[in-house]
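Since the structure comes first, as structure tokens, the remarks are kept for the end.
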Amino acid sequence: MTDPENNDQLVKSSDPEHPANLIPELCKKFYTLGWVTGTGGGTSIRRGDHIFIAPSGVQKEMIKSEDIFVLSYPTPKYPPSARQYIRKPRELKPSACTPLFLAAFDRGAGCSIHTHSQWAVLVTLLVEREKGKNGCFEINNIEQIKGIPKGKGKGMLGYFDTLRIPIIENTAFEEDLTESLEQAMDEYPDTYAVLVRRHGIYVWGDTPAKAKTQCESLDYLFQLAVEMHKLGIPWIQ
């Protein structure tokens, strides 16, 4: 059996697009946007039968390729002890987001991103106040909506389409979000994101580039929605 603490060749590559190189670069970018402040958030990329995941509880802007965990895929979500790590950095903790990332990969994603964006948190509070706990985020007639897919193989949303993002309730522990996240995925099969009230958002895409640009588009829309609300401008026309 391969020793997961000595399988360093899995994260050594001169290719800047290799997941072990790309995850640290993405985390640095996300830090500048305020998405992964104070060790929060995370990023994971699937390449073939390997999943690369940023560690938990570390300064995301300081992550290096040697800090990346690698899982064999597919792998069980629960219990954590059953997950098939083929590389585990010493003295670092696996991401608490792991089962939620796995839920996205089980639906065909190539990359999953979790942020603690303030704009994402604020829209969950505004939706709760206006629509109650069962409401979802909805917005239309905004150009940036075109950056979000309609669903798998359905192309992109158009200007006149309505973007809908489900919202789930937060839990005391990250991993406990998994069941409600998967339920939201089932109820909104075309979604590429799930908001977590008072917490942040999970976004996934077919590739790292698509996940990143979708996350950027959503954050733009959330910030715009907060500003529109201040001005009394409705999100739905």
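Glycine residues also receive a Cβ, built from the backbone N, Cα and C atoms like all the rest.
Copied over from Swiss-Prot, here are the features:
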{"type": "ACT_SITE", "residues": "E143", "note": "active site, proton donor/acceptor"}
{"type": "BINDING", "residues": "C97", "note": "substrate binding site"}
{"type": "BINDING", "residues": "H114, H116, H199", "note": "Zn(2+) binding site"}
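Locations of recorded Swiss-Prot features on the structure.
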residue: C97; record: substrate binding site; DSSP class: coil
residue: H114; record: Zn(2+) binding site; DSSP class: strand
residue: E143; record: active site, proton donor/acceptor; DSSP class: helix
residue: H199; record: Zn(2+) binding site; DSSP class: coil
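Neighbours of the Zn(2+) site: apart from H114, H116, H199, residues of the same chain with C-beta atoms within 8 angstroms of the site's C-beta centroid are G40, G41, T115, S117, A120, V196, G200, I201, Y202. Around H199 (Zn(2+) binding site), a 10 Å sphere centred on its CB holds 20 further CB atoms from the protein chains shown. When the alpha carbons of H116 (Zn(2+) binding site) and C97 (substrate binding site) are compared, the span between them is 12 angstrom.
Around the Cβ of H114 (Zn(2+) binding site), the number of neighbouring Cβ atoms within 10 Å comes to 30. Listed in sequence order, G42, S44, I53, S56, S112, H114, E174, Y202 are the same-chain residues at least 6 apart in sequence whose CB falls under 8 Å from the CB of the residue listed as 'substrate binding site'. Cα of H199 (Zn(2+) binding site) to Cα of the residue listed as 'active site, proton donor/acceptor': a span of 26 Å. For E143 (active site, proton donor/acceptor), applying a Cβ distance below 8 Å and a minimum sequence separation of six or more within one chain yields Y159.
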